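Input: a single structure, listed below in structure tokens.
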Amino acid sequence: MGSTKQAADANQIKRLGRRFKKLDLDDSGSLSVEEFMSLPELQQNPLVQRVIDIFDTDENGEVDFREFIEGVFQFSVKGNKEQRLRFAFRIYDMDKDGYISNGELFQVLKTMVGSNLKDTQLQQIVDKTIIGADKDGDGRISFEEFCTVTLRPAS
């Protein structure tokens, strides 16, 4: 937790502790998917399962207090820009290989748009996005390429 711990002040951790206890309905010391999804900020978020997967660093299917604190700081404005970018990148990097593939981008965007777009339309958007972001021509988006695209001013 290193720099995250240093960036957090005691009051904020106490506040998060109280929030965690309210969410932990069965007093198990960790949040199940159902308990985690009771966060108002995530209830309408189509990517809630991806957020849970990122918070759950030990991949045991639940989020303990340490994971909760670390995740909140990455996710929040308290995290530095790189932490927030890494969090956003990990939403898309589903297999955790350090790259966003065409298939991963398609899956995440499909989750976001649902049936509002035909798969062929969505695939065109995905292909165009990969082509625009993939500077080294390997057919996928690295974290560095993701940062370049994300931080580029809108045209």
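FYI, residue positions are counted from 1 along the chain as it appears here.
From the backbone N, Cα and C atoms, a Cβ is placed for every residue, glycine too.
Residues or ranges marked as domain 'EF-hand' by TrEMBL: 11-46 (among others). Here the domain 'EF-hand' (11-46) has Cβ contacts under 8 Å with residues 52, 55, 60-65, 68-69, 72, 78, 111-112, 114 of the same chain, all six or more residues outside its ends.
Within the domain 'EF-hand' (48-78), the DSSP-based counts of helix, strand and coil residues read 19 helix, 2 strand, 10 coil. Residues annotated as domain 'EF-hand' in TrEMBL: 48-78 (among others).
Per TrEMBL, domain 'EF-hand' is recorded for 80-115 (among others). Same-chain residues lying 6+ beyond the ends of the domain 'EF-hand' (80-115) with a Cβ under 8 Å from its Cβ atoms: 3-4, 7, 46-47, 50-51, 53-54, 71, 73-74, 122-123, 125-127, 129-130, 138-143, 146-147, 150-151.
What TrEMBL records for 121-155 (among others) is domain 'EF-hand'. Summarised by DSSP class, the composition of the domain 'EF-hand' (121-155) is 22 helix, 2 strand, 11 coil.
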Chain residues in Cβ proximity to the domain 'EF-hand' (48-78) (below 8 Å; excluding those fewer than six residues from its ends, i.e. six or more beyond): 1, 4, 7-8, 12-13, 16-17, 20, 28-33, 36-37, 42, 84, 86-87, 90-91, 94, 108, 111
Average model confidence [pLDDT] within the domain 'EF-hand' (121-155): 92
